[in-house]
Every structure is written in C-alpha cells, then in structure tokens.
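Engineer: Okay, these came from TrEMBL:
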{"type": "DOMAIN", "residues": "B:24-253", "note": "domain 'MacB-like periplasmic core'"}
{"type": "DOMAIN", "residues": "B:294-413", "note": "domain 'ABC3 transporter permease C-terminal'"}
{"type": "TRANSMEM", "residues": "B:25-45", "note": "transmembrane segment"}
{"type": "TRANSMEM", "residues": "B:290-315", "note": "transmembrane segment"}
{"type": "TRANSMEM", "residues": "B:335-365", "note": "transmembrane segment"}
{"type": "TRANSMEM", "residues": "B:385-403", "note": "transmembrane segment"}
Amino acid sequence: MIEIKDLHKSYKMGSNSLHVLKGINFSVEDGELVAIMGSSGSGKSTLLNILGMLDVLDEGSYTLDGVPIKDLNETKAAQYRNKFLGFVFQSFNLINYKSAMENVALPLYYQKVGRKERQEKALKYLEQVGLREWADHLPSELSGGQKQRVAIARAMAAEPKVLLADEPTGALDSTTSYEVMDLIQKINDAGNTILIVTHEPDIADMCKRIVHLKDGVIVEDKKITQVRASQYV
Amino acid sequence: MRFLFDSNTWQEIFGSIGKNRTRTIITVIGVLWGILIYIVLSGAAKGLDNGFEKQFQNVAMNSMFTWAQSTSMPYKGFKTGRQLQLKLNDGVLLKNRIPEIQYIAPRNVKGIFGGSPAQTIRNGKSGNYAVYGDYPISTKIATKKIYDGGRFINDEDIEGARKVCVIGERTQKELFESEENPIGGYIRIDNVFFQVVGVHKYTPGGGFESDSDIYIPFTTFKKLYNTGENVGWFAIAAYDDADVVQVEENVKAVLKSIHNVNPKDERAIGSFNLGEIFNRIVGFAKGLTFMSLVVGIATILAGVIGIGNILLISVKERTKELGVRRALGATPKEVRSLIILESVFLTMLAGIMGIILGAGVLSLINKLTKGMDFPYSNPTVPIPYVLGALAIMVILGTLIGLIPAQRAVSIKPIDALREE
C-alpha cells in the first residue's frame, strides 16, 4: 500500500539546515495497523506529513497504492489527499461552526458528492462511531472523546486507502484513549490500513506493528501481538 | 463558472457567513453605510436639482431682459450722459438681426421704475397698483397662470387697443367681494374704465412682479400714458440650443448701434440674463451631484476595504479551518473561491440593503420637505447609477477578496494545522 525508499527531508532554518529524515525505507501492507513511535524531534510527525502529502520530500520515492507521489502541485495534492487519505489529528480539528454531521460530510463535499448522499453517508459513519444521536450537535457540545470519534468518522467518510492519525489520543484521558483505540482497532479489523503516530507505549501496543524512529532513522521495526483495547473499556 | 451555480458552494458560503454572525454584521454595516450615503447624497442632489427646475419652470430658462440707461462715453458727436430710450421698432430690428431670438416682448410699466402706481378704483374701493403694458407674447417668456374662466391679453386687444386688463390675486381681493366673479367686471385705472378679462396667479421666483400687478394691452398703455413708441424694456427668449450669454451680447451690440452708443460703453444698455443665473444654479446642482458621486464612491471604497480587512482577520482566525479543509481535499482554487465569493456576497448583500435603506431615507426627506419653501422635489437616483454602484461593489469586492483569498491559499495546510 505504502512504499517509501531512501526518504530524506531537511528544513532550512535560517542559514543552516536541519536534516530531519535521513534515509527512511519503509513499506506498509494492506490492512496493517502501524504505530510510529519516537521522542519529539525524532521526525515522526514529518514522516506522517510527507505520507499525508502535507509536506514534500527532498529525496527518495513515495508510492501510494501504486501511484508515485511526486512533483505534486497544491491542486493535485489536494485531490490525492481527498481520494487516498483520511486524517485524524491530536486536536481534532473539527470546524467549530459545523455540526457533527456537516463535519463528517465535508470531505464528501470536496469529492463533489451530492448533498443528500453526503448526509446519508455522514450519518452512516456517525452511526459506526456510535454518535448518530449527536449528529446535529456542534463540536463545542461534545466531549473530547466524542470529538475524536467524529474526526475519525470524518476521516473514514471519504473511504480512504490509508488512515493517518497524528497522536489521536494525545489530548484524551486514558479511558477515552482506549475507547478511541477500540474504535480504530475495529476499523482496522474491517480491513482498513491505519498509521498512528504516538509516543505512548500503551497506545503503540494496541497496534500490530511498531516502527521506532530516532534522529531521523528507523531504529526498530517489529510486528507485535496486538493488545485489544476493548478489555480496558 | 459551474462552481458559481453549484448549490453546494452556496451552502458552504451561507454556512460560513451565517455561523460567524458578528463578523458578518460588522462587515455588512461598513458597506451598507457607504452605499447608503452614496444613494442619499446623489438622491438629495437630484432632488435639489429638480427643486430648482421647478422654481424656474414658469420662466424660460434662456431668457434675458434689456433696458436703456444713460451713456457713459461720448460717441459720434453725442456727449456723455445722454439718456437713451428704447423704441418699439428696436424689437423688430433685434428679431431680424439676431436669429437666435425666439420671442421678443416689449414691455412698459408704470409704478415701479418711475411714475406713481396707477390709482385704481372700483365701487368705492381703491388701491395703487403697478400697471404693465404687455403683448400676448410675454407669456411665452414668463408663463402667466390665469385662473379658470379668464384669459391673458390677446392680439385683438392689441389691435383695438381695448380697455381690458388682467388683475392680480391681491387686486381681486382688495377690489372685489370674495363671492364676486371679477371676470367681466369693470375697474377704473387712472380714471379710465377697464374690463377685467382674467386674474393671474402669482408665482414667486424672481423679478419685480407681484401679486397685485395689472396687465393691460401694450397699445392701450401707450394711449393711456402717452408713451408713444417708447418701450420700458424687452423681454427676450432665445431658442433652447442658443447660448443666451452670446445672445445677450449681440442684443446689446445691436441696441448700441441703433442708438449711436459707443460699442465700448458698458453702462448705456442694461441687461439681466436669467440663463446665466440659471446656469450657475444648475452648475451648483451638478457640482453637488458630482461631489455626492465622489463622496459616495469614496465611502463605498472605504466600506469595501473594510470588508477586505475583516476578511483578512477572518482568514487569520480561520487558518486552522482552512488548513483542515485543505487536508480534507479542498484545492487552492476552491479555498480561494470560497473567500472571494464570501466577499462578493457580503458586499452585494450590504449594497442591496443600503440601496433599499437609502431609498427609504430619501422618501422620508421628501415627505418632510413637502410643502416647505425649499427647492427640493422628487429625489431620485438614476437606475444606471445604482447598477453602476452595484457593479463597482462586485468588482471591488472581488478585488479586495483576492487579498485574503491569496493569504488563505498561501498558508500551507501543514502550517495551518500546526498552529494552535
């Protein structure tokens, strides 16, 4: 699904440049649930941004579902993001003046899906995350866990190839975190490919594979036995 | 273009506008105020223009008056200080020599510039009134409104030097009982009986005429006061397309040559040019219209810049939202269009509201000034001006929207998302 070869990325900071990713080789199969771990500054977020086409790579190659991702202009990148990727953010990033349903329907709007179909799909995905009754509520009326579940529903609504989650539990307490992880595991069980950036070991343990990043290189890449989150809920 | 007519686009715009109410209202007020001022100012200028026109409607705009004075320069053996006297034949010569003259009316008066007002008696009631000797053509230059049942002096009156007169409203009031019909009645003017043929309605607005004036045929005046061929002054109306200032100069030049006056003598012939006065007033009204246009457009501009400013702030506020939208697949073009359309829509909304409100204010002013002695009537703004203002607003709204739109697009989604 994801194929990364010899990926380099550096940022210019004034006169000197900061080499963040120093040759990453990494691939993800269909249906995997991967945790990308590392301390802050290890380059894990940068990697996720490049995977999410929010940032461009300097060197190396990136292939997503057989499509080489290179020389993207903003328009093309936006279209690929819309078609291939779903995003879940640490701070939820729901649009505060749109109801839960409208938030979930937003990526479908950019896919040019009609209004009626958009609403139906949005309700279906809200149902999947158990928030159907909250469809008409604004984000400000939802708890943190609920917001993140709405965000996950939104990421899923576009039916992406890969779900990218950047510290999805970073702003949640542990009980809520496990609820969210339970949801992510269920989505993964349904066959979706998911990448999670986290620095919490217990969250990483709930994935099927852990990739450790340190100073811009992968120091460890291992498959693990998944800890089911449902046992904590 | 399809994007513009897509109901989804508008749902997004209505959503974003409707959910940021304070911002929307403040933005709208800025432009609304601008267009309101524009509409009210230009409508008021137009109303003033109409008002002036109404005041002058009973006088031909391009009319002038000329009279004789005394010379101030010696010429052809004549010494200075010679008193000039206009003659009836002068009028014929003027009409023949100056093709721009449409109407020329010789007039005489007793009781204003010289001589005592005529002693007028009827049934023991009496009064002193100015008496004018007039030709029917006078009414072509300064309209006389005659009350129902009456008439002005006609050609037969002139030919027969009939003893008929047109009296003023006040004359009627002072000489006749209120229930009496003055038409056909007789009054004695300087010991001669005249039959009243009409009562004229007095219209204020210029000149020395009053509501008590009595008009009699020129020929009758001549006999009554023994004025011979003398003319007090000429009232002249030029054709609509003629330059009345030029006509005035020509008239004076002709009169000078007839009366052997030094062409350089500025004082020998007096004149008064209504056209010039009128042009000055029209110029004032035009200046007012122009000023209102400038002020209005400047205010609209300020309002639109306000919109741009507020949208810029709003883009800053919504950086994260726009980042999310782009992460979810909004192309830069879609984001840009969203902001520009918001700008245009807000401008239009404000503009239309301002126009409606402005029309309301104008009609209110119209109502308040109605019946007042104030040159103001029917304040309107021409439709092209309104449409022009709207077009300007759409264009400015788009241009000003480009700035925040470009700002919105220039922020990378990743930076937008990182911003906490």
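In case you wondered, yes, glycine gets a Cβ from its N, Cα and C as well.
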Engineer: Can you tell me how the residues of the domain 'ABC3 transporter permease C-terminal' (B:294-413) break down into helix, strand and coil by DSSP?
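Structural biologist: Counting residues per DSSP class in the domain 'ABC3 transporter permease C-terminal' (B:294-413), I get 100 helix, 0 strand, 20 coil.
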Engineer: Taking the transmembrane segment (B:25-45) as reference, which of B:290-315, B:335-365, B:385-403 has the most Cβ pairs under 8 angstroms?
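Structural biologist: When the Cβ pairs under 8 Å are tallied, B:290-315 comes out ahead.
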Engineer: Pop the mean pLDDT for the domain 'ABC3 transporter permease C-terminal' (B:294-413) in here, whole number is fine.
Structural biologist: 83
